[in-house]
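Chemist: Dropping a structure here in structure tokens format, bear with me for questions.
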Amino acid sequence: MTKPIIILGGGGHAKVLVDILHRLNCRLLGIVDPNQSIGCVLLGLNVLGSDNVVFDYSAAEIELVNGVGSLPKDKGLRARLFNTFNAKGYRFKTLVDPTAFIAADVELSDGVQVMAGVIIQVGTKIAKNTIVNSGAIVEHDCRIGRHVHIAPGAVLSGTVDVGDAVHVGTGATIIQGISIGAGSIIGAGSVVTQDIACNRIVYPPRSQIKSINRD
Ligand code: JB2
């Protein structure tokens, strides 16, 4: 029997996760979010209070789902929440949307979240608390670190190595065999064809917008 779940955070990422959890018939106790009033209803669930409400339950009786997502330059709240509760023995549920294809030998660590329409191919290993967001493709034998966000529609060709806390932006493409150093940000739509060191930002070419003269 699966354990009841508390969701941390009640914003956009949590909204998508709640939809997955309902489709998986999970039992949801509610949401903890410091910016909401206790007892109000958010995403159809009760707000239980702030994060310390989790400690009203033992680590043995519940599972957590990290509903806080991540943006390229945020301050690592998602990772901090994971590390805080994990250090106190709480388990984060590994979640896979039923529409995702995950090859049989793929390894997903605690708290990995695989969203709708994702493809993850053979030999890939994904470390704790990473998000593989809607429609992303992670090809064979990739190594993905902790607290990574692979944003919607990104493509990682085979044997790509991604360090911890990397953000791979929406629709970015990383060709085969590339390494991305920890903490780097790959801008949306970038095409990465060379290794990227730690803590770098890759800027893609941007659309140029001009007005049309119809005279
Ligand atoms: O300390 C906290 C805390 N601070 C803010 N603890 C908990 N449990 N929750 C916290 N929050 C809550 O996280 C906010 O009150 C809010 O409900 C939520 C953040 O919601 P937001 O919609 O701003 O972002 P998000 O993290 O759900 O989604 C981001 O990441 C996703 C992956 C967005 O950029 C999405 O567009 C993206 N798809």
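Glycine residues also receive a Cβ, built from the backbone N, Cα and C atoms like all the rest.
Automatic, uncurated: that is what TrEMBL annotation is.
The shown structure was predicted, so the numbers you read here are calculated from the model rather than taken from an experiment.
Got these off TrEMBL a minute ago, pasting:
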ACT_SITE  HIS140  active site, proton acceptor
BINDING   HIS149  acetyl-CoA binding site
DOMAIN    5-70  domain 'PglD N-terminal'
SITE      ASP141  site 'Increases basicity of active site His'
Chemist: Around HIS140 (active site, proton acceptor), which residues of its chain at least 6 apart sit with Cβ under 8 Å of its Cβ?
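Modeler: Sequence-distant Cβ neighbours: ALA103, GLN121, VAL122, GLY123, THR124, GLY158, THR159.
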Chemist: How does the model score the domain 'PglD N-terminal' (5-70) in terms of mean pLDDT?
Modeler: 97
Chemist: Which is it, of ASP141, HIS149: the one of these recorded positions whose Cβ has the most other Cβ atoms within 10 Å?
Modeler: HIS149
Chemist: Measuring Cα to Cα, how far is ASP141 (site 'Increases basicity of active site His') from HIS149 (acetyl-CoA binding site) in Å?
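Modeler: The Cα atom of ASP141 (site 'Increases basicity of active site His') is 18 Å away from the Cα atom of HIS149 (acetyl-CoA binding site).
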Chemist: Could you count the residues of the domain 'PglD N-terminal' (5-70) that DSSP puts in helix, in strand and in coil?
Modeler: 18 helix, 20 strand, 28 coil
Chemist: What three-state class does DSSP give HIS140 (active site, proton acceptor)?
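Modeler: For HIS140 (active site, proton acceptor) - judged by DSSP and reduced to three states - the answer is coil.
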